[in-house]
Ligand code: PBG
């Protein structure tokens, strides 16, 4: 009898396929990134990210409650200030938009969700870089660390449970950990953007935060060809106190996600970023892809590669689909 082996037996019915499915995708594994803009009179659509908006403080609160109700595991909040300066003063000001929004969300949701903050200066600087500049206009690593420590304390004070340093400065995790411990926040954790690549896929995000950036981030973000370097970054971040490490972007770097999952002694997150979102949305809007099937396949693939957690702009919607299908 030929064929002797028939793998199709395990695919014959939905029940059989469900039984042998290797990869789980659950709402709690999804984290929703959200934007909040200072001085906005209503939610402002982001044209390159259909369905995603810059929230007002009120609309952010309402959308956050809905997302948590849908079962998402956490929220990652980004601030869009109305004024910017060279050192990103709005990032450390307790009246700065991100810190106000974090306090709103913590007051509204308490410990019902995991509240996360982007700990990076790029949204707050007038030059758009993730750090402060030296007299030659280069990003000054060590001067930036002082700003991150201050920003971390403001975010912890506002009520964030996890801080997400995303600037790729050397020593950023260590300096934040020390600042938190020294100021009485030993339980505030760090979700480190450990391996963050200088990616063209961040394009729509720049619109989402009204980025002022001229030039690129290649002196601090990683080169897309390098995988080994990501493992070194992860090792350093874990040694400095990272509680969770993250790879970003996700889809073009699934090999790095896999390598991280095999070696990191902490949970691994992957960020399904703005450009990955925009590609699928654009194709689906043209009728070229089935939107829901594509989104679930993307998220499942990131989980299959080894990510424990996935940051995705589809988090709330996907959570609702997953609940419906359970
Ligand atoms: C930096 C930051 C960026 C993103 C998250 N944090 C932009 C960048 O590094 O240029 C990108 C997220 C996305 O593209 O969805 N604060």
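Cβ atoms are placed via backbone N, Cα and C, with glycine included.
TrEMBL labels come from automatic prediction, so no person has curated them.
Here's what TrEMBL has on this protein:
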- 196: active site, schiff-base intermediate with substrate (ACT_SITE)
- 248: active site, schiff-base intermediate with substrate (ACT_SITE)
- 206, 217: 5-aminolevulinate 1 binding site (BINDING)
- 233: Mg(2+) binding site (BINDING)
- 274, 313: 5-aminolevulinate 2 binding site (BINDING)
Given the recorded positions 206, 217, 233, 248, find the one whose Cα is closest in space to the Cα of residue 196 (active site, schiff-base intermediate with substrate).
248
Out of 206, 217, 248, 313, point to the one nearest residue 233 (Mg(2+) binding site) in space (Cα versus Cα); all of them are recorded positions in the record.
248
Less than 6 Å between Cβ and the nearest atom of ligand 1 is the rule; apply it to the recorded positions 233, 248, 274, 313.
274
Whole-number Å distance between the CA of residue 217 (5-aminolevulinate 1 binding site) and the CA of residue 248 (active site, schiff-base intermediate with substrate)?
14
When distances run from the Cα of residue 206 (5-aminolevulinate 1 binding site) to each of the recorded positions 248, 274, 313, the nearest one:
274
For residue 274 (5-aminolevulinate 2 binding site) and residue 248 (active site, schiff-base intermediate with substrate), what Cα-Cα distance in Å is obtained after rounding to a whole number?
11
For the C-alpha pair, I'd like the distance in angstrom between residue 313 (5-aminolevulinate 2 binding site) and residue 248 (active site, schiff-base intermediate with substrate), rounded off.
14
Sequence gap of 6 or more, Cβ distance under 8 Å: name the residues on the same chain that satisfy this around residue 248 (active site, schiff-base intermediate with substrate), in order along the sequence.
166, 193, 195, 196, 197, 199, 270, 271, 273
